[in-house]
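The structure that follows is given in the form of structure tokens.
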């Protein structure tokens, strides 16, 4: 057999002594991407058929062949990239894909706030054993953030006691004896997304003391607890000629006096009746009787604010009716409709009605 080389074509003399065109060797076959020819070294006379295989990561369905026809190979279809399966949802996280899931694509994983990523942050669609493709490495896990046990406090405790704490767990602090101790600092703490307790700041149970008040025109009796100044009690005693305005005894409650410290106001009985009200008093009336406030017919019907040593209330005075005032009670009538002789505080005129006290 003889071979004739002419330009780029190869002629072969076959058994019938006829010159025919041959196809290029497979290493010259580069017109189709990602294609490998079967291991056949040639020559490739007219009619030769070779199986076509795709490179790694590419596939062709069905399996195809190429044939030498008049010096040219038939053109196969292109090999397509293999495709990985759609990733499963990442519990407590999310992912993004570049490459549309095909061979060579990459997934990037991130976890939601309050969760830690355990594993690789990325996976790639790579070739596996047997020619298949799959995501490598396996997807990570998003594990909830954990906090160390919350700080303990002296003379106090917290709620939600358990072996371990996770993101969004909350504890609330309280003092063992809330009548003596005051909670300072954050009363509640939260296990945050960083695995630390917030807000910052130390929580304590402390004894908070009250300052001994200075009351004008009075002296203060002190009764101190044997265990703590937190249980400090006082009684305010007005000097002669002054009357208590407010309430006593008073207790130091978490640094605040309760009820509020009273005042001692000078006793005065202005002569004459209050406009619209007749103050009827009989100085010879024995102690224990009552004073009558008698509303005259000339006074328009209206409501006054009555403040006594023990309460504050609104009293309605209907025309022609009598309002009886308990003995021993200082009554202050506030009004802005007319001026009354008395004490002016913050623009409000105060008038003390005369009171039956020990016949005086």
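Here the Cβ of each residue, glycine as well, is placed from N, Cα and C on the backbone.
Owing to the predicted nature of the structure, the values given are computational and were not obtained by experimental measurement.
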From 305-327, 328-350, which range did Swiss-Prot mark with transmembrane segment?
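Per Swiss-Prot, the stretch marked transmembrane segment is 328-350.
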C-alpha of residue 46 (N-linked glycosylation site) to C-alpha of residue 72 (N-linked glycosylation site): distance in Å?
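With the alpha carbons as reference points, the distance is 8 Å.
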Provide, as an integer number of angstrom, the distance between the C-alpha atoms of residue 155 (N-linked glycosylation site) and residue 72 (N-linked glycosylation site).
95
Count the residues of the domain 'Sushi 4' (208-266) that DSSP assigns to helix (H, G, I), to strand (E, B) and to coil, and report the three numbers in that order.
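Counts, helix then strand then coil: 3 helix, 27 strand, 29 coil.
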Across the domain 'Sushi 4' (208-266), what does the pLDDT come to on average, as a whole number?
82
Which one of the glycosylation sites (46, 72, 155) has its C-beta surrounded by the most other C-beta atoms within 10 angstroms?
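Result for the most crowded candidate: 46.
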Mind checking how the domain 'Sushi 3' (145-207) divides into helix, strand and coil residues in DSSP?
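Secondary-structure breakdown of the domain 'Sushi 3' (145-207): 0 helix, 25 strand, 38 coil.
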